[in-house]
Every structure is written in C-alpha cells, then in structure tokens.
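Participant: Just dropping this structure here.
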Amino acid sequence: MTGASRRSARGRIKSSSLSPGSDEGSAYPPSIRRGKGKELVSIGAFKTNLKILVGLIILGIIVIYFVINRLVRHGLLFDESQKPRVITPFPAPKVMDLSMFQGEHKESLYWGTYRPHVYFGVRARTPLSLVAGLMWLGVKDEMYVMRHFCENSDDLSTFGWREHNGRDYGRQELVENDMVIETSFVKSKGDGLGYGGDWAVRIDVKNKGLNDDVKRSAHLFFYLADEGGNVLNLGQDGLDFQGSSLLVSGSREDVGDWQIHLKSQNQLETHYSGFKTPHIYNLSDLVQQNLALQARKFGRLQLSDTSEDSSNIYIFQISGRLPFTIDIPFISGIKGESSNVEKRLTSLTGLPLSDLLKKKHQEFDAKFNECFKLSEKHDSETLGVGRTAIANMLGGIGYFYGQSKIYVPKSTQPGSRDNFLLYWPAELYTAVPSRPFFPRGFLWDEGFHQLLIWRWDIRITLDIVGHWLDLLNIDGWIPREQILGAEALSKVPEEFVVQYPSNGNPPTLFLVIRDLIDAIRMEKFVASEKDEVLSFLERASVRLDAWFQWFNTSQKGKEIGSYFWHGRDNTTTQELNPKTLSSGLDDYPRASHPSEDERHVDLRCWMYLAADCMHSITELLGKEDKLSKENYNSTVKLLSNFNLLNQMHYDSDYGAYFDFGNHTEKVKLIWKEVIQENGQLSRQLVRKTFGKPKLKLVPHLGYVSFFPFMSRIIPPDSPILEKQLDLISNRSILWSDYGLVSLAKTSSMYMKRNTEHDAPYWRGPIWMNMNYMILSSLYHYSIVDGPYREKSKAIYTELRSNLIRNVVRNYYETGYIWEQYDQVKGTGKGTRLFTGWSALTLLIMSEDYPIF
C-alpha cells in the first residue's frame, strides 16, 4: 500500500457522527441523564463492559495463537535444541567479532554509498540507519519520469562511478539526454565528531553540450529517512541560501545530535514534504503522488511544503536553471557551541569542499597507478576503462540487513501454508554484480569480485569475506543469493526469493583466500597486513572447513572423486536441457536427463581448489590437527590425479573434458496445445525426447570443458595440454575476435533457447570471468617449462588483446561495461554497468592473475 493511501486510511478513523439533532443520551429518561438512577446505569455499563471484556479476551487468544503459530513456522520461537538445523547458525565465534574489525576500522567504514540499487544513496553499516538519497525528474517520450532506482529501462546514456576508493570518497556521473548530473561524496574525520564522522555530498547539474544558450531547468529531490522511525525536525519552511542553510536535524544513539544543511551560490527554488512511514522502499511513489496531487490542485510541479506529524522522512525538491551546484554537508555529534558547527560546515562546502575533492581525486589517481601500474602499458582510453572498473566495483559495495527465506517441504510444517523458514537476522557487507539488475550479494560472484578488491584494499576484502562466512549454518551451508531487507525484496520476484539448502554454488571464496595465501608467501603484504590475514584465517578456518565438508558430502557423486551439482529438475517438460542454477552456469548444457549418476567436471575442479586451499591454510597456520591436514592432502592428491581425471571425464576422440550422465542428443522443443486450469486452450513449447538416454560423456564443449585446464591439473608436458590449446584457438569452435565463446559453435545447443522465454545465456555469449580464468592459465603455461610454452604465449597475447580491445570499444560506444558480449559482433549484452566480474578486465590489463 502506498504512502498516500496509508494517510487516507488514517484520516478515515474518526468518531462516529450522530444524526442531526440527536443526543448521545436520548435513549435514557432525563432523570437518568441528570444523574438519577445511577444503579440502572451501572448495571447496564457492567453488562456491556463484561461482554466487551470477554470479546477482547477471545480476540486476544486468537491473535496470540496466530502470532505464536507464525513465529514457530518461521523458526523464531524455537529454543536452540528444537530449532531446525537449516536455520541454526554455525556454532563458532563469528569472524566479524575479531578485534581487527572493531574500533577504528569499523568506524572508518560506518558511512558510505552502501545503497547500490539507487542512483545515489548514503547509509551507515547498521540495521536501522539514517538514509540519504537522490531522485530527479527525467524525460522520456516527452513525459516526466522519476529517476531513483537504477533501472536498465531508464536508458541513461551512461552512469556510474568515475572514481571511488571504497572508504571515504567517490565521484559519479549520470547522463540523461542533454543533462549531466555529477555526484561527489566525501567523508571528514576528526576529534569531537559523531561516530563515523561528518560527510558531504556535492551535486553538479549542467548541460551535456557546451551550448549554455539552451537554459533548461532541472528538478532534483534529495531525501533523508530514518529507518528506525526517529523523528526528523524540519530546519525551516523556506530556504535562504545566503542565510540559514539547515534542512533537517535529529538525534540518534549512534551519531548523537546531527544536522543536514544545503548551500548553493545559485538561484534555486526549494520545496519539501515530510512523511511518517516505516517503509523507505517506496519513497519515489510518495514523491510522485505528492507531485501529482499538487499538479491537479494548483497546476504546479512542486512538493506540498507540508509534513505529517512526527515525520521520519523529509524530501526536498531543488529546482533551477542549468548549470547549478549544491553542497549538502552532514554534521554529527553536536554538543552545543563547542561542536564548532559553523567551522565544520565551512570545511564541507564551497571552495574548501572543492579543495578536499581535488585532493581525494589526486589520491585516487596515485593509488590506481600504484596498485595496477598501467600508465606505460596502455593508452588514455584504456586507462579510463580501468579506472571505471575499479571505481564501480568499490562504489557498488552495499550493506544489507534482513532474513533469507529458506525452503522447507510443507510436510515438515503441519498446518502451514508457507514452504519456507526464515534464516536468522543477519547483516551483509558485499560487492554486487550490477547495480541496475543484480544489486545484492551473490556467493559465486563474490570470489571473483575480491580478486580485484584485495589488490586495492585488503581490509575491505577481509571484511566482506568475513560477513559471508558468518552466514554459514550448522551444516556448513551458505545461501547462494542474499535478498536481505525490504528494499532488496522489492526488486526480486517472489518465486526467486526462497533459497534451497540442498543446492550449492561455486565456492569461489576459496579462490581469493588461496590468492591471499600466495601473496603472503610472495611477501606482497606489509607486516600489519600479513598479521591481519593470518588472524583472519585462524578464525575463519573452522568455518571454511565446515563449508568444504558440506560440499564434500552433499554434492558427492557415486564414484570416489566425483561430484555433481544438486538441484536439477528431472521432471520438467518445459526446458530443452534442465538448468543447473547451482553451478552458476545456469543453462550450460549438462546431461539431458538429470540423475544421481552425473559427474560434473567443473565441480570436481572447484573441490580440488577448495581442498588445496584448506591444505595450504593448515600448513600456513601450523595446525596441530594432523588428521585434518592429511585428509586434505589426500583429497588434493585424489582430485589432482591426472589419470583418474582422464578416466572419468576425458574424451580422447574430441581431446576434451566433459561431464558424465544419462544423456541423449535427440531432444527438441516442440509446440503443443495445452489445456490451462481455467479450461482455456494455449500453445506451449515442451520438450520431446526422440531417443533413449544412456550413461555417457556429455559432448558439449565449452567453458566447463576447460576447468581442468583452468585448475592447471594438466601437466605442462602432456599432449592433452596441446589439445586444449588447439581447441581454444580454433575459430570454428571457441575462438572469436572478442574473446572465447561460452559454448562451442559446433554444439547442438549453441545459441539455442532453453524455454519459450529463456534466451541463450551460457550457450554462446562471451563471459569475462571464464575468459579471465582461461587467460590466467594460458599465462601460467607460457612461463613454466614445457614443449607448449611458446604456443601458450602466442594464444595468451592475442586473447588478452582481443578482450581488452572489445571491452574498451564497447565502453566508449555505449557508456557501459556489460554483463556479457555477443559471440558474433562483440557488442555488449545482458545488463549494463555489470562491474562485478566484468571488472576483471582491469586485472587482465595489469596481467595480474591468481595461482589457481
């Protein structure tokens, strides 16, 4: 229900009116109304009150029953001995309770641009935060439209962070039609400030072209909302930019008394509206309804300049002719005159703010050059894309709080209509794949994200990985997609919210942890960083062990050393090839008929990586548990056994590695008339099998086939390595001028739709994460001794050049880094601003690869 309808409902709660000329006491004789006959009145009142009391008791019992029933269904009213295992936290000290994540570190990261789903937003790393954000009126098809949440459908020419250091500074550009909005965020710390310090936002709005003769106007909406429901106090009804600049003030336990100001040297018109609501995910609806009401009443496109009692949200409309600039400083920890409010305001507005932003810009450039050392290798355009990649990766980091929904069969919850339990309330600090489309945490993406982030800021990486590991349940399982909080839930269809505890996801966090271990061995860290990584591993090792054991037991296959991704649907008639969502490769073709006989070569290699990583941790930490160390060592030996790998997955005719399972190539989607539940006749695409499946290698060459190559299990002198190099470089199979395609052009599933509505996803398009991993192994084989060293180097050099050139070209043609790239033309596809693993382009530029 929208805010306007909530207010209307509240307005309808009035005392019952009486009919004209009626008197409330007219049912009684005058003598009784004057106080005579008190006994009659008392008895009548007693009977009435008794009925009401009984009714209230019955109603209360009913309410309590339903509340308790719901709490039990959602796992909120179990004692620890009765709580279902799936929603029971892992019984070990939390990683995030380490001292390294407290004190100055925690405070330094308290405030940030941790709302990746909106075009610009600020919040604190606390469940019920003070939240700030920006909206504006855009124009589409000659109509005003509200811009707030990042949406692909908004079709902005470009948007994203141009600079961001992940801690206290960021500069973003948003371009819509002929208008450019630049948002800058910077933090200030010092003695006497509130927890987390002060911060400021600068918003520059200008014409895209140099022609200032076209004086168009812009309407911005800057808002403050307190998720905890704390009352906000309006500074003044009308803003005088030359005088008082106070927008709104308030008080919170975390930061004390605070104020938000707005200052500008331009002629601007301002209006406001205040709301009282527990929800902030529908703020744009509140604004649009308020504007629409004002337009109908007065013909003006402006907020109402009114506020509800005890408002916890204030929205300020700032309108003016382009160009204009506004500065919005946040001052906290105010304690009387000693707080130097005016001095702090001066330091975060006007020229002092310009100087601070310039300093942060210079620091960003210096750190970028120090971390990636690209200046002598690439032209300015390529360097620009590299800066955009790291800036958007860091600027896309978000903070979320809520409870995941975990699937449980209804049969385990008698009388329940729900098929889920609620995970425990948890917070998550994480990078996200894409602000417009995937603005939340994804487990298998995060390992790739951290390969880039740790090279910029190791402490941010440890903080993020620690948050993920603290989501581990008692069985060693982590939900693969984190949809936490009302704002996140509002962006995801209900059918995709529930997480399945039998399903895994590639354990890519081992990828970055292994990288950190190798960095220690290669002495890439200063002493303090090394100590923190070791402390982190000491605390995290028990959780990593439990995570590994969950995979090693729940995803194991029938044969020793075999594994398969659980969760494939063996009953579906709607899919050409049942998806394997848990693998992260969704529609990549596997065995046509899912069964427990399957062996998935990619999961086998992930398990090799995980076991090798755990073995390295036990060695690095000098663990005394020899049994655990030997178990990991034996698992590493088993999974790196080249002969066993070949027996299970190698096809000597193709010279390639494949999955194994119950498979036939004779399947296709055909149109069939189907009677719906409502009796209507419709046509649907359904799968038809024309041949009996049998157990065999699944002949679909693609990314999955190269996991043994990516894992570097293949000896550098093996002829099988040459086979892999030939397959990679064959233009008729995987090679393109833009990168390696995800599925061989010779595959029967190449670019085939999986359902009527599912376009090919991992069946041809070029993906940067897999190209990065293959490229890293090409680099490896090009520097180790072996007969295929030069061949590896030649392929590596050309593939690297193709990948960089295509990403850079697309960025300057479209304004974005993309989720995937077309297998024929190289054009960007999928969601835009996909600066999750597509940002690995920067590591390709710097030739910085993990030791898989």
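Each Cβ is built from the backbone N, Cα and C atoms, and glycine gets one as well.
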Participant: Quick one: sort out which of 294-313, 334-353, 574-593 is the region 'Disordered' according to Swiss-Prot.
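Facilitator: Of the candidate stretches, Swiss-Prot labels 574-593 as region 'Disordered'.
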Participant: Looking at the ranges 1-31, 249-279, which is given as region 'Disordered' in Swiss-Prot?
Facilitator: 1-31
Participant: If you average the pLDDT over the motif 'Endoplasmic reticulum targeting' (6-12), what number do you get?
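Facilitator: Across the residues of the motif 'Endoplasmic reticulum targeting' (6-12) the model's pLDDT averages 32 on the 0 to 100 scale.
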Participant: Kindly assign Glu819 (active site, proton acceptor) to one of the three DSSP-derived states: helix, strand or coil.
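Facilitator: Reduced to three states, the DSSP call for Glu819 (active site, proton acceptor) is strand.
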Participant: Express the distance between the Cα positions of Asn730 (N-linked glycosylation site) and Asn552 (N-linked glycosylation site) as a whole number of Å.
Facilitator: 36
Participant: Pick the one among the active-site residues Asp586, Glu819 whose Cβ has the fewest other Cβ atoms within 10 Å in this structure.
Facilitator: Asp586
Participant: Can you tell which of the recorded positions Asn282, Asn552, Asp586, Asn662, Glu819 lies nearest to Asn633 (N-linked glycosylation site) in space, using Cα positions?
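Facilitator: Of the recorded positions Asn282, Asn552, Asp586, Asn662, Glu819, Asn552 has its Cα closest to that of Asn633 (N-linked glycosylation site).
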Participant: Does DSSP give Asn662 (N-linked glycosylation site) helix, strand or coil?
Facilitator: strand
Participant: Where's the emptiest Cβ shell within 10 Å among the glycosylation sites Asn282, Asn552, Asn570, Asn730?
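Facilitator: Taking Asn282, Asn552, Asn570, Asn730 as the glycosylation sites, the minimal 10 Å Cβ count falls on Asn570.
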Participant: For Asn662 (N-linked glycosylation site), just count the other CB atoms lying within 10 A of its CB, please.
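Facilitator: Around Asn662 (N-linked glycosylation site), other Cβ atoms within 10 Å: 19.
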Participant: Cα-Cα separation of Glu819 (active site, proton acceptor) and Asn570 (N-linked glycosylation site), in Å?
Facilitator: 29
